Amino acid sequence: MERINVSTASEFIFIGLSDAPEVRFLLFVLFLLIYLATLAGNITILVAISTDTRLHNPMYFFLCNLSLLDILCPTITVPKMLEALLFENKVISFSGCMVQLFFLIDAVGTEIFLLAVMAYDRYVAICYPLQYMNIVNMKLCAYLIIGTWVAGFFNSLLHTSFIFTLFFCDSNEVDQYYCDIPPLLALSCSPTYTSELVILTVAGVLGSSAFLVTLISYIYILLTILCTNSTESRHKAFSTCGSHLTVVCLFYGTTICTYVRTSSSYSPKKDRIVSMLYGIFTPLLNPMIYSLRNKEVKSTLRRMTRQVRTAL
């Protein structure tokens, strides 16, 4: 069989979506509503934080970046999926697939690092409240945010460059609703050992490091909370940290299941479900868990609502 270099491939075809018209329409409506709700929630958070000077502090600075990532992540994949569901256009060009994969891995990697930074921020705020503003100043925040985006960029560049040096033989059908590493590895007919080794090593080292920072930060936070005498403060802190940990575990768990494994264990149906959890539902949940439960943010949103009503 003749090998065709991936650089000469003109397009890929997504086959991870239903062909039944009635199912496609229901899925289109469902994912469109989820996507619009995700955009509305995260844009609202961005506007609220940027317009209220009381929210101009490190914690909300990190939340702004999280909301930005939660807008970017579904925007990279969902519009193409909606087009495929509505118009049955399941074809994506080679360059489009490469760009989609690059920005998806970039957004996912950056969010992993950002969650670790946010956990460290909460650790300092709760464990060292009197020194918080001196330790986590805006200069450090800027360095941390730049570091997360730069790390996500180079992580994505490395993975993407390895994926698109592979060969694809007799099929260009991607068993997923977007271009991702596991289905492309499964589609390739060239040896993927090197690519898989690099992916597992880099994802393992960087992902594990970020997860350990997050885990250790929350362990210290929980220990500090347990030493608090006030029952009300303890209950409030437990509620907030429990919500944050739910999102962290959901995001880390789904991304690890997707990327930290060999191509031989790839399961298209399982991967579609897992990828929807971290790519579609987590960006929807983050505004509610990280921001909309916050009293200061809710106060700002109520003020914005009153201003809009007055203007109307």
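Heads up, the Cβ atoms here are built off N, Cα and C, so glycines get one too.
Automatic prediction, not curation, is the source of TrEMBL annotations.
Note that the structure is predicted; figures quoted are calculated from it, not measured.
Annotation comment: TrEMBL describes 41-290 as domain 'G-protein coupled receptors family 1 profile'. Summarising the annotation, TrEMBL assigns transmembrane segment to 25-48, 60-78, 98-120, 140-168, 197-225, 237-261, 273-292.
With a cut-off of 8 Å between Cβ atoms, the residues of this chain six or more beyond the transmembrane segment (98-120) that come close are 59, 62-63, 65-66, 69-70, 72-73, 76-77, 80, 92, 144-145, 147-149, 151-153, 155-157, 159-160, 163-164, 178-181, 184, 206-207, 209-211, 213-214, 217-218, 244, 247-248, 251-252, 255, 278-279. Cβ atoms under 8 Å from those of the transmembrane segment (197-225) belong to residues 109, 112-113, 115-116, 119-120, 122-123, 126-127, 151, 155, 158-159, 162, 181, 234, 237-238, 241, 244-245, 248, 252, 255-256, 259-262 of the same chain, restricted to positions at least 6 beyond its ends.
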